[in-house]
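Colleague: Pasting a structure here, questions to come.
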Amino acid sequence: MGELLAGRPRPLGSHFDGEGVNFALFSSGASRVELCIFDGLREQRLPLTARTGDIWHGYLPDAQPGLCYGYRVDGAFDPSRGQRFNANKLLLDPCARQMDGWVVDDQRLHGGYHQPDPSDSAEVMPPSVVVDEHYDWQGDRLPRTPWSQTVLYEAHVRGLTRRHPGIPAAIRGTYAALAHPVMLDYLTQLGVTALELMPVQQHADEPRLQSMGLRNYWGYNTLLPFAVDNSLAASDDPLNEFRDTVRALHQAGIEVILDVVFNHSAELDVDGPTLTLRGIDNASYYWLTENGDYHNWAGCGNVLRLEHPAVLHWVIECLTFWHEVCHVDGFRFDLATILGRLPDFSSSAPFFTALRNHRSLRDCKLIAEPWDISPGGYQLGQFPAPFAEWNDRFRDDMRRFWLHGDLPIGVLARRFAASSEVFERGSRQPWASVNMLTSHDGFTLRDLVCFNHKHNDANGEQNRDGTNSNFSFNHGTEGLEADETTQARRRVSQQALLTTLLLSQGTPMLLAGDEFGNSQQGNNNAYCQDNALAWLHWDQADDALLAFTSGLIRLRRSIPALQRGRWWRDDDEDDVRWLNAQGEALTPYEWEQGTHQLQIQLSERWLLLVNATPQVSDFSLPEGEWRVAPPFSATDHLLDGQTWRGQANAVCVLVKQ
């Protein structure tokens with residue numbers, strides 16, 4: 001390996017050009033930066049003497065992909081001013097595409113409290129790895145499904161595939177399993193158009209979980225945002241395995257949306273390890289108080305500071321990597337309010353401006369989780385176009401309407417119409433409302449109708465973790481086991497919830513497994529359960545519920561009013577009509593105080609009937625000859641073509657002949 005040359009300041013990270021590797025690292029407060037090269041246990045330290053602005057850089061001739069490296073960054077250790085430099089700590093490149101190994105908690109990883117910790121961390125710190133980004137995409141084309149035709153499917157790579165009997169055991173639980181024909185066929189037959197993957201960025205397990213023998217299964221503890229998580233790979237080449245999977249999904253017409261975490265890092269609070277950003281430029285990367293402590297708006301010990309130009313550049317470059325190098329179609333941003341903090345939230349924050357102006361990111365699907373845990377954190381409806389947003393009002397109101405009956409028909413209608421009172425502003429369209437009943441965070445749909453209370457004891461926190469505001473209803477018996485009458489009522493509730501989800505205006509999101517009744521045994525916070533509790537139970541699938549769900553998605557595609565990218569107009573019968581059980585327009589009283597009965601006529605030809613009452617009720621239908629539309633049973637209670645006898649808490653869809 002030749003002498004270290006000056007190299008160039010851009011792009012950040014390590015980049016192989018066919019003849020050598022360029023290294024570039026941002027640090028505004030460092031006094032010295034050393035590039036550390038590893039050959040087995042042998043470490044060679046090469047000072048980066050070239051500096052352009054705040055970028056330290058060098059070029060290593062003859063270096064090849066697979067080279068293991070890290071950094072030691074020296075400077076002041078003054079926590080009161082936010083400076084925590086410690087050259088005793090080997091640091092990961094924040095732009096690294098791969099890490100060799102896994103972070104196992106060790107006291108030597110700690111950088112120090114009031115004084116720098118003197119122990120060297122190299123022996124216990126996995127290094128970064130140089131990666132060749134070249135890849136033959138074989139003509140891959142992004143599906144670019146219009147938002148108005150999108151059906152999201154939220155899934156965990158391991159959870160979705162680990163127990164699937166049709167996938168070879170050697171690849172179950174990995175990216176390769178997602179690309180297996182059995183899984184591709186399943187997703188296409190179900191009818192979803194986009195796979196929203198829970199985090200696949202390289203993460204680390206919190207020391208607390210490691211001490212209990214648990215893992216951060218969900219992965220919302222990002223360590224290296226540019227790196228494909230190696231724990232989800234079947235091969236020793238995670239990047240290319242992931243790209244193979246993206247290409248296979250695209251060939252099946254399925255988009256790939258990544259759940260990304262840019263609100264905090266795996267370094268946690270002051271008690272956490274010094275692995276990368278803290279030791280490189282703590283004061284630039286993190287939001288700090290006046291005395292140098294970490295803000296905790298994400299509830300994870302630290303908060304990334306996207307208001308800083310260098311941090312913003314880092315995040316935008318990371319998203320560009322995933323989109324342009326890995327061909328992902330979009331992103332869901334975890335605790336996205338933090339991304340717009342200045343420190344108060346602003347819809348015109350630099351991050352949003354950078355996305356809108358970017359050459360390619362502006363065309364991606366962008367989804368915000370529109371809250372964080374700090375004051376002013378709840379920002380539903382406040383994100384700028386072209387963002388869509390997870391709509392927790394849809395989730396909670398639909399649960400309350402169907403399972404508790406404590407909301408009027410008017411609330412159901414507002415949620416059914418893409419929560420227009422929240423999202424219809426500026427240039428935003430109905431698809432901006434991502435409608436959901438469940439997500440990874442909370443009960444599954446099956447558990448929602450089987451448990452009144454969470455059962456999270458396996459998480460090791462005495463059942464204190466996880467929300468208590470579930471709006472669930474066990475139908476009289478706590479737990480999965482119940483008599484047939486109770487089970488029948490639960491099935492009716494699941495069907496009603498799924499119908500209003502998949503036939504509402506907006507963008508529906510289905511949690512993987514809800515389509516066939518998957519359960520997590522009442523655990524509503526399975527973030528640390530990398531085991532059979534959280535993996536999908538394919539062997540227990542309810543085939544009838546699966547057929548019903550896929551039929552609803554097909555029905556959704558056939559209704560023009562649900563495929564349009566514009567808001568419904570009440571005066572346009574080709575959009576929607578809201579009728580009472582007598583087939584007449586609802587009165588103001590009925591909207592807010594009337595019985596829980598409604599007829600929703602869509603595009604003139606389709607009629608969604610809602611009887612959310614505890615008794616059988618007859619509905620007088622609008623003029624026309626009606627029949628029951630699949631996936632609803634042809635034997636459903638259509639009496640004479642003009643009357644529907646609705647069972648308690650039931651829904652049905654009719655189509656005009």
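Cβ from N, Cα, C; glycine included.
Residues or ranges marked as active site, proton donor by Swiss-Prot: Glu369. The annotation compositional bias 'Polar residues' is assigned in Swiss-Prot to 465-475. The region 'Disordered' annotation in Swiss-Prot covers 458-485. Sequence annotations record features per position, and here Swiss-Prot assigns site 'Transition state stabilizer' to Asp441 based on sequence analysis.
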Colleague: Is the region 'Disordered' (458-485) packed against any residues at least 6 beyond its ends, judged by a Cβ distance under 8 Å, and which are they?
Modeller: 212, 214, 396, 399-400, 403-404, 442-443, 446-452, 493, 519, 521-529, 533
Colleague: Note down the number of other Cβ atoms within 10 Å of the Cβ of Asp441 (site 'Transition state stabilizer'), including every protein chain shown.
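Modeller: Asp441 (site 'Transition state stabilizer'): 18 neighbouring Cβ atoms within 10 Å.
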Colleague: C-alpha of Glu369 (active site, proton donor) to C-alpha of Asp441 (site 'Transition state stabilizer'): distance in Å?
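Modeller: Their Cα atoms are separated by 12 Å.
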Colleague: Using a 10 Å radius around its CB, how many other CB atoms surround Glu369 (active site, proton donor)?
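Modeller: A count of 22.
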